[in-house]
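See structure below.
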């Protein structure tokens, strides 16, 4: 499995600010979107382009345009919505596929409760967005849904990832690609990432 920990100074700086305990909802939300945008920049670096001739201000001009598979952004509800706008800044024409998952706090297993995928997802590259890759359960279950629907080109974008989640994802779906702003220390006894970001969903939506 391709694993990319983005080490760009802007990514590290912005993620560091997100770890502050008393960060405001507004600031956390802004930074989640900004880091999501930067991760998208990295995740789409291998997109193919083709030459196209357009009419410029002084006559015909040859330009590069992206070709190949179109993109669907797949936020995992609810926290994934916090990264979606940042992703769309780079790929504004992408279609949105939504998957709802929550984690059973006793078993730590993902529980699906909603899905609405674009009709031609088998023709698109999927960018799954979720702030945290902890145990990996929610992301793995989402990939299961996408593959069942015919999607074969999948990349996962997360703000922070635990080694345990990475290992589980690689075992279940070695053909996907993972892009993260940080590979953190690991999980505590409750399945939360250390040092992590706390509850990203609560911080994005201002709930507790």
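Just so you know, glycine gets a Cβ as well, placed from its N, Cα and C.
What Swiss-Prot lists as 5-phospho-alpha-D-ribose 1-diphosphate binding site is 78, 103, 130, 131, 132, 133, 134, 135, 136, 137, 138, 199, and the listing cites similarity to another entry. Annotation comment: Swiss-Prot describes 193, 198, 199, 200 as uracil binding site, evidence class similarity to another entry.
Feature map: Swiss-Prot annotations on the structure.
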residue : record                                              : CB count, 10 Å
78      : 5-phospho-alpha-D-ribose 1-diphosphate binding site : 17
130     : 5-phospho-alpha-D-ribose 1-diphosphate binding site : 27
132     : 5-phospho-alpha-D-ribose 1-diphosphate binding site : 28
134     : 5-phospho-alpha-D-ribose 1-diphosphate binding site : 27
136     : 5-phospho-alpha-D-ribose 1-diphosphate binding site : 26
138     : 5-phospho-alpha-D-ribose 1-diphosphate binding site : 27
193     : uracil binding site                                 : 28
198     : uracil binding site                                 : 17
199     : uracil binding site                                 : 15
200     : uracil binding site                                 : 24
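Using a 10 Å Cα-Cα cut-off around residue 199 (uracil binding site), the binding-site residues 130, 132, 134, 136, 138 reduce to 132. Secondary structure at residue 138 (5-phospho-alpha-D-ribose 1-diphosphate binding site), as computed by DSSP, is helix.
According to its DSSP assignment, residue 200 (uracil binding site) is helical. When the C-alpha distances from residue 130 (5-phospho-alpha-D-ribose 1-diphosphate binding site) to the binding-site residues 193, 198, 200 are tabulated, the minimum falls on 200. With respect to residue 78 (5-phospho-alpha-D-ribose 1-diphosphate binding site), the closest of these binding-site residues in Cα terms is 200, chosen from 193, 198, 200.
Within 10 Å (C-alpha to C-alpha) of residue 134 (5-phospho-alpha-D-ribose 1-diphosphate binding site) lie the following binding-site residues from 193, 198, 200: 193.
Candidate binding-site residues: 132, 136, 138. Nearest to residue 193 (uracil binding site) by Cα distance: 132. Checked against residue 198 (uracil binding site) by C-alpha proximity, the binding-site residues 132, 136, 138 yield 132 as the nearest.
Counted over all residue pairs in 78, 103, 130, 131, 132, 133, 134, 135, 136, 137, 138, 199, the record's binders of 5-phospho-alpha-D-ribose 1-diphosphate, the longest Cα to Cα distance measures 17 angstrom. Counting only the Cα atoms, the space from residue 200 (uracil binding site) to residue 136 (5-phospho-alpha-D-ribose 1-diphosphate binding site) is about 15 angstrom.
When secondary structure is read from DSSP and collapsed to three states, residue 130 (5-phospho-alpha-D-ribose 1-diphosphate binding site) falls in the coil class. A coil conformation is recorded for residue 78 (5-phospho-alpha-D-ribose 1-diphosphate binding site) in the three-state DSSP classification, outside any helix or strand.
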